[in-house]
Amino acid sequence: MESHYELAEARWFMSKIQDYFRGGKISAGITHKLLEKLDFPCHFAHVKRIFKENDRHNQGRITTEDFRTIYRCIVHREEIVEIFNTYTENRKILPEDSLIEFLTQEQYEMEMDESSSVEIIQKYEPIAEVKNERQMSIEGFARYMFSSECLLFKETCNTVYQDMNKPLNDYYISSSHNTYLISDQILGPSDIWGYISALVKGCRCLEIDCWDGAQNEPIVYHGYTLTSKLLFKTVIQAINKYAFVTSDYPVVLSLENHCSPGQQEVMTDILQSTFGDFLLSDILDEFPDSLPSPEALKFKILVKNKKVGTLSETRERLGTDKRGIALDLEEEIYENEDEDSGKEPETWDDFLSRVKEEQEADPSTLSGIADAKKKIRKLRVALALSDLVIYTKAEKFRNFQYSRVYQQFNETTSMGESRARKLSKLRAHEFIFHTAAFITRVYPKFTRADSSNFNPQEFWNVGCQMVALNFQTPGLPMDLQNGKFLDNGGSGYVLKPDFLRDTTLGFNPNEPEGDGHPVTLTIRLISGIQLPVNVPSNTSDIIVIIEVYGVPNDHMKQQSRAVKNNAFSPRWNETFTFLIQVPELALIRFVVETQGFLSGNELLGQYTLPVLCMNKGYRRVPLFSKSGANLEPSSLFIYVWYYRE
């Protein structure tokens, strides 16, 4: 005899599907639509396969009972039912107190109370009779487990929760390189979509390569190559439209300026007329000699370019006509590599001794600190454009000692990846001392003609704020970039850990001290849910690789066993443990691949996020394609537990 619950469930189910069966039977296409109506979107390829298995007469049409079997196969997943049954006495209904027990003991929702559990029941339980009794059926439980509330990424981290009132140099800033390119750097097209896409992804520092164009119209392209050209004004109009769609926080326009003074003035007119009051053109009264905070610069556009004179001189010229005035600027290119020519990493004590010697020395003896191998390049800078540069004056990096003595608070230095890599290994303490005071931008080496990227993690480890990547090139570096800047609400600004802001702590990513607070992380890989369908995934072995990126000692990965020929619901039930020394800098990446013995592995999907942004308990890991497309409902089902020592 059917129970009260079973009758209620049957009535609810038939009320949802009966209109679709008025003609008797339904096709695979209607089956797919009906599943979506029941709040369970599916990949059509999976539906087709299960439909075929239940089409007993091979007519391409199924009955209500056949559909019920398909529905249960997709919704009443074995691993979900197992968890549900653990907290129910009759394996039919989850009482409210049992739901609270599950949420606190398994999901670590420690603030869960009666009102919160009722809210979950009201939101996810579809059967009215069960909902009214403040209980949950497997239908409601499955809907809750597949909801956004059970995603791996903490909802807290999905909001701007960090202190946004620190100076700009205290933040990692999402930055792009050659933003105008959507392919390689030699023949590839320049496209306005490069800027739109980067801004929508939360990028806050865009690169604009500016050159003289015909009819006094500055253009944007990769100079001395066959890449196509964009009008500067078109780029600026697009930025104006999309700058603050994803984030309210400031956008920095990094101008690679090759224009004549006349066309620099045209650029100035375009910037002022397009951005209006959004364009920062004067120092903020509260920040005359220090960098403002992201909060103070909300909805502002900052110009990063060469600048002549001081900020006080710029303020004195406010409102004056600067048209036709261009000044010569000598850019000194230093090739002194004394600081990065050593073979042994410098210790914290050695660095402190060297800084002390500098402070005690006669300033006149420091005048030659960057004289070796000096070259001079003369530039002509339009005063009008120069005066738009306030807190982001562009300077080439010379060396750390020069910066300590001469660099001004509003100067942003840039260095190529090769030099930055060498310094991060040999002069990590000094590098962190530098980035704690000044914004530092690291860009890909010029030999990356294919627009490939470097691993940004090694430069985040020493506090570099603007680690500029080719956003148009998918792969591991961009996965790390996207994962890093998921944090803090995807605002494009992530507060650096205190040990990268406080130079007295003596942090060295290459030799992290034992007085930190490591994390012991345990992940039970339970199953895959409707993994992406292609020919290999249905015929090949599927593996999951869990990778950790952070300081060098935290780089590690572990791999699951292979599951054969099952992309719909592979089961692993494997447990992996990681000891992470510096969790504040660590990212974790889940990779799903098909294992090909002849053709090599093929990526099915991946997901990357900061370790400290992971929820505990039973969680769903969404998957994204190589290009960054969301592959919902494809996901991994895992159990997460970790503690800090």
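We count from 1, first residue shown onward.
The backbone N, Cα and C atoms fix where each Cβ goes, and this holds for glycine too.
What Swiss-Prot lists as active site is His177 (among others), and the listing cites similarity to another entry. When secondary structure is read from DSSP and collapsed to three states, His177 (active site) falls in the coil class. For His177 (active site), the same-chain residues lying six or more positions away in sequence with a CB closer than 8 A to its CB are Glu207, Tyr443, Pro444, Ala468, Leu469, Asn470, Phe471.
If you look up Swiss-Prot, you'll see His222 (among others) marked as active site.
Taken from Swiss-Prot, the feature domain 'EF-hand' covers 42-77, and the record attributes it to sequence analysis. For the domain 'EF-hand' (42-77), the residues of the chain that approach it from at least six positions outside its boundaries are 13-14, 17, 21, 24-28, 31-32, 34-36, 138-139, 142, 527, 529-530, 532-533, 567-569, 633-634, judged by C-beta separation under 8 angstroms.
The domain 'PI-PLC X-box' annotation in Swiss-Prot covers 162-306.
Residues or ranges marked as domain 'PI-PLC Y-box' in Swiss-Prot: 385-501.
Annotation comment: Swiss-Prot describes 501-625 as domain 'C2'. Mean predicted confidence for the domain 'C2' (501-625): the pLDDT average there is 92.
When Cβ atoms from all protein chains are considered, those within 10 Å of His222 (active site) total 23, not counting its own. Broken down by DSSP into helix, strand and coil, the domain 'PI-PLC Y-box' (385-501) contains 48 helix, 21 strand, 48 coil.
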